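A.B. asks: Mind having a look at this structure? Questions to follow.
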């Protein structure tokens, strides 16, 4: 009789204890600890900026837009009233699908403090209501050539020197817009303009610390006060509407259904200067849905986004050699996960650890199967070109992360803290005085708009992934024209 009594007493005691902590089966890590590490990473990765830093961001933005206005005036190639898409995070952060193997390595803290990507339309096709049909006969999926036959004679004449020429048997000549030649022209034009600007420096004007051509993008690092801003400027072709090749995607059910309208999602797309693995670099552009992704991110929970940012920090360091996986692949996997999993699961605030482990598992699954479908064009496998050796090498590296996610999170935290320390050290050594906005050509001499600076601080720096459409008239570069959704600032 004693044994049952002891058993009963033991069970009563067990019930009075807190439940056993939730563990990750694979690594044995405590889920609560992983959640805390992700929160700590987020705290250091998403730094809050004071009004001075917000004003420096505004000053750098003014300088870049003024510079692009001057580029347009050089030879009138760029559209007169252009619409840019400004994204927080540089190209290396995976904000657009561009190959990273041609880019020089820049590190936050060492080379820059904040990074942005600016998509600048060289050409616009904005007058079409029907699905846009592109010339994909010569290209891999998700890529296209662009014939200037779609444009008027004036446009053809202006851009002829940035085209490859194909003569047909019937004697007709076809001009194909060349991403490499456009990038060369853009870099040369920006270099000329910056040279002219620096001949007549004005008070408060940012210091141009670096201008480099990285493949087909132009990277500019500006020093403004105690801040260094990296702008990755990407020449693109801008379209209103939706490409015919992605039309079937609209027929499927998606996580954003009922949260945002289809009109918001399919308002436009881009061709970015990136080639497929076997494509012709001089002719081939890659379809980009960056504008749509800005809208979709509104529907992603903060806990999933935190897990994504932490996972991205881990893989950028771990999978950098050889360059095969980019943060854009991880972004695509996150969007697929949003379609696959119930919304009420993905919005759980304390599930960031589950999401992080799931993203690592997803990425490893994609590598082992050498399959990562493009979210908008699923028939396009973004890993198809990789060798078996490369995918298995990266899969094994990810296996080490999955075996000890807490340690890799701690390493990511140390990296971001070290970057922040470098930034603070630069601030201590740098200027502590207020930096006025640079004056543009015949510019306004009013004081900088503090309200606008605070709005920028709120919309750009405090929210990872927030994006702004910017309308700029090169004949009036003194006025900012921001659009967040349908609101103008």
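Keep in mind that glycine also has a Cβ here, set from the backbone N, Cα and C atoms.
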A.B. asks: Of the residue ranges 404-426, 427-449, which one carries the region 'Disordered' annotation in TrEMBL?
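C.D. replies: Within the set 404-426, 427-449, TrEMBL attaches region 'Disordered' to 427-449.
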A.B. asks: Which residue range, 1-22, 23-44, is the one TrEMBL calls region 'Disordered'?
C.D. replies: 1-22
A.B. asks: Going by DSSP assignments with H, G and I as helix and E and B as strand, what are the residue counts for the domain 'Mab-21-like HhH/H2TH-like' (323-398)?
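C.D. replies: Split into helix, strand and coil, the domain 'Mab-21-like HhH/H2TH-like' (323-398) gives 46 helix, 2 strand, 28 coil.
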A.B. asks: Kindly state the mean pLDDT of the domain 'Mab-21-like HhH/H2TH-like' (323-398) in the predicted structure.
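C.D. replies: Mean pLDDT for the domain 'Mab-21-like HhH/H2TH-like' (323-398): 95.
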